[in-house]
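Asker: Quick one: the structure is below, questions incoming.
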Amino acid sequence: MKGNHIGELEELVLLAVGALYKEGAYAVAILKVIKDSTDRKLDVTAVHSVLRRLERKGFVKSSMGGATQERGGRRKRFFNLTQAGRQALDDVMAVRMALYNKIPKLIFSQLSL
Amino acid sequence: MNYKPPRWADRFLAWYCNPDLLEEIQGDLYEIHDEKCAAGKPKLARFLFVWYVLRSFRYDVIRRNNKYKNSIFMMTRNNFKIAFRVLWRDWFNTALSMGGLAIGITCFLLMGFYVKQEVSFDHFHSKKDRIYRVWLKEDYGDNKVFFNSVTPLRFEELLEDDFSEIETAIQFNINNYLVGKGDDRNNENVAIISPELFSVFDFKILKGNPAKPLPELNDVILSASYANKYFGDEDPIGKSMGIQIGEEIRDFNVSAVFADIRKESSIQFDMAISNENNKNIYGERAMKAWFNVSQETYVLVGENSHISAVEEKIPDVVMGYLKGSVEEGVYNIGFQPLTDIHLNPDIPLGIAPVGNRDYVYILAVISVLVLVIACINYTTLSVGQSLKRSKEVGVRKVMGAFKSSLINQYLSESLVIAFFATVIGIALANLLLPIFNDLTNADVKLGFELWHIILYLGLVLIIGISSGIYPAFILSRLRITAILKGNNQASRNHYIRKGMVVFQFVVTVFLISSTLIMRQQLNYLHTKDLGFNYNATVSVPLYPDPSANRLSQLIVTAMEKGEILKEKLSQYPDIQDIGLGSHVFGSSGWGRLAFTDDAEVFRRFRLLVVDPYYFNTFHIKMKEGRAFDPKSDLDKRQSIIVNQAAVDYFGLDEPLGNRLPSKRFDDHAIIGVTENFNYSSLHSAVEPLVITQNVAIPYSGISDHGYADSPIPKLVFRYTGSQLSQVKQILNKEWENTFPEEDLNFDFVEENMRYQYANEDRLNRLVMISTILSIIIASLGLLGLTVLVVNSRTKEIGIRKVIGASELTIFKLLAKSFSLQLLLGIVLSIPVTYWLMKDWLSGFAYQIDIGIGIFTLSAVISIIVALTVISFHTIKASKTNPVNSLRSE
């Protein structure tokens, strides 16, 4: 599993890439999604480097978008989840759910007391 | 894009960023920048933009373009990889060149660090550039010059009070005192220092108050090793020690302990008391004297001042004090930088011993020469190999290699060799260091501080490039067509290569001859008939009466004490020819007296005060007249003996019955003239000497005197050789009986005689080490070259043998070319050696002649070594069955 392991930030970015499927996931957009949904302020360069890392691991694929008038004419690089990326996310979720479900209900009732 | 981000950051990004990633990153940064600006925060926007640009500067973003990829990063790796393979394949040659280089580097490092230590003597003081030693030159004209780097006591006050430029002036002197109490007393050299000494020099206080290590009159400070010697592991602070100054044994309290002083310091002491005691030690009058020199004075010039300002003012200030007593220009005070003391021969010796500047330079040159021949060794070997490699070059060139890339390739090889040779060299130097220090009596350390590492790396680069550049050029210059057709192009380079081999031989033979000449000169110095016999003689320093003050009293009272001891020793048959004398052979600087004779000529002579038996002890021969008669009271009172040099110098036609050429001397008569025996080292010719039993005679007429060697008399005797330990016992026993309070010291005169040439002995040893190393290096090179030649001529040898050549013919054939080079080397080395060694020998008043014998000997040595090395491989080649060499292919 070591090769497929993804870190917490990687997981978050990967989720954001998946969530932005329709709008088109590029660095600044990912930044905003993460900020809106978790209130974490990330550095754009950090997102860049995570994306490059994910691409090297084969979890995302990228392609250049078309030129626009915005951004001084610079094109965006859009990212898409790959099959492996999707699988990785599913695995992480499955592990979490499996562990989560093992937490006995009792604990909650006790806590609430 | 509505808002402009900072242009320099944008450009910087474009410069370093990988072009594949540039567009998206730039775009993202622009977008964020725009957004922040639109939100009305242009400052934050600009800051973030710069921040992100800097943050993006990461390994995987940086541009790695094709140019770098190919020639620097990739090719260097490739070059080194191939270098390793090639070197491994030719391991024999590699070992030879690496071994030669390693030995050269070892020699260079050992010698280099020795030279460095000598050159950087006293350099460890942080204020070294502002510290000067004061000298005093009294010049009365007519060659009557007194030049000293010890100065009057009052200089400390004078320099400190009258010159605002001088921050601190301190004095330093060493006296010999009896230290300890009761029966357990030792003679120790005790320094008398200004308490501020520690604020001028960087000597470290370990215990006690670093700001004021010597607060009280009765305080003494000790070095760490002396603290250990006297108090062991106990804390010495506050303990008391007895020191006898004059008649009085005073109690001193240990107030501080300082770290042992490094060997490369001119100022050396292990025990010191404050110079507040000066009045007690030297007397009131000396404190104010202008012409009584004893102290080394050092000044620390203020941070914003320059010594020249002091030098300018000093004549006026001095004349202010001395008006009327001396003329202008007589009393001169000057300053010598601290770092100049150890190696400057122009200023006389102070208290500190000094080194010999010429010897240091000689060693520096030799160490570089050895390194150069090691480099040449490598160069000639790899040029020799270029034949083998020419095919490789051809193929590379056909494949499109540039000349520069070929050069890089071959330089990488020599860098690899140089690197490993340096590593081995450093390791060897470390291993040999104890032996080296032992042989040369030096204290060299090899370090691994930053500058050492830089030096080592620099050495790798310099050696690698300088020894590799020539073969690299030769190889890369070869023409493709010629190589691939199989033509031999190497002949063009033969002259340079042979020239280098010859140079190597010149240096090696030069070193061999020099070692031999030095050895011969030293043998001559050690064995020359000096005009006296010092075999199996011992000298025992006596002690004057503690109450004696004046020099003549000191001499007389010590003589009297010597008589008592002599009486007791004379009952033992093992101890013979007992005599007394103020100086003993083997120590330089016998008492030097000066007077103005009746013709107003300033004269100097040396003085020896003896008892009548001294002549007997050392078998001194008389040339005319007679020696002192022990029974004659007249002799004791007013007879003197002079040496032949004195007769010539004073111009005495009829010496016997005559007197010294000045009326001021008390009544006396010359009763004998001795041969010119060499009482000082053979560096100088025999000087005029006056020998007397009555010290009052010479002192009645002189105007000046100086002693570098203590004139307090010594008892001398000859022991019957085999019973040395018994003699020591007798001496110990009788000394204890006679002088229970004092410490017994004795010296073997032979040892002191040898020690006179310690500097020369050391130089000779160092040169000998370099010679042996360079012989090894040259032999390795020669071996490598023979192997190459033999290998390239295997077929030829085979054919010759088939036709009928004998083994001897083959050997001659192979040895011929090297023999010619060697002969040329020998011939060329002769003038160089002769010229340089003549110069070295001119430092001695007594020299050997550089004869043809030495050169013949060194030629024979080098030829034998060379032939042995050549035959090592040649004989094997000439013996091989031609079938084997001809069948291959």
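Here the Cβ of each residue, glycine as well, is placed from N, Cα and C on the backbone.
Because the structure is a prediction, the values reported are computed rather than measured.
In case it's useful when we look at the structure, here is the feature table from TrEMBL:
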{"type": "TRANSMEM", "residues": "B:91-115", "note": "transmembrane segment"}
{"type": "DOMAIN", "residues": "B:94-315", "note": "domain 'MacB-like periplasmic core'"}
{"type": "TRANSMEM", "residues": "B:359-381", "note": "transmembrane segment"}
{"type": "DOMAIN", "residues": "B:365-477", "note": "domain 'ABC3 transporter permease C-terminal'"}
{"type": "TRANSMEM", "residues": "B:415-433", "note": "transmembrane segment"}
{"type": "TRANSMEM", "residues": "B:453-478", "note": "transmembrane segment"}
{"type": "TRANSMEM", "residues": "B:499-518", "note": "transmembrane segment"}
{"type": "TRANSMEM", "residues": "B:766-792", "note": "transmembrane segment"}
{"type": "DOMAIN", "residues": "B:769-872", "note": "domain 'ABC3 transporter permease C-terminal'"}
{"type": "TRANSMEM", "residues": "B:813-836", "note": "transmembrane segment"}
{"type": "TRANSMEM", "residues": "B:848-870", "note": "transmembrane segment"}
Asker: May I ask which of the stretches B:91-115, B:415-433, B:453-478, B:813-836, B:848-870 has the most CB pairs under 8 A with the transmembrane segment (B:766-792)?
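Answerer: Most contacts with the transmembrane segment (B:766-792): B:91-115.
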Asker: Mark yes when the transmembrane segment (B:453-478) and the transmembrane segment (B:499-518) have three or more Cβ pairs under 8 Å (sequence separation 6 or more) and no when they do not.
Answerer: no
Asker: Helix, strand, coil: count each for the residues of the domain 'ABC3 transporter permease C-terminal' (B:365-477), based on DSSP.
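Answerer: Counting residues by DSSP class gives 100 helix, 0 strand, 13 coil.
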Asker: Restricting attention to the domain 'ABC3 transporter permease C-terminal' (B:365-477), give the mean pLDDT.
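Answerer: On average, pLDDT over the domain 'ABC3 transporter permease C-terminal' (B:365-477) sits at 85.
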Asker: Which range wins on Cβ pairs under 8 Å with the transmembrane segment (B:453-478): B:91-115, B:359-381, B:415-433?
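Answerer: Per the Cβ under 8 Å count, B:415-433.
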Asker: According to DSSP, how is the domain 'ABC3 transporter permease C-terminal' (B:769-872) divided among helix, strand and coil residues?
Answerer: 90 helix, 0 strand, 14 coil
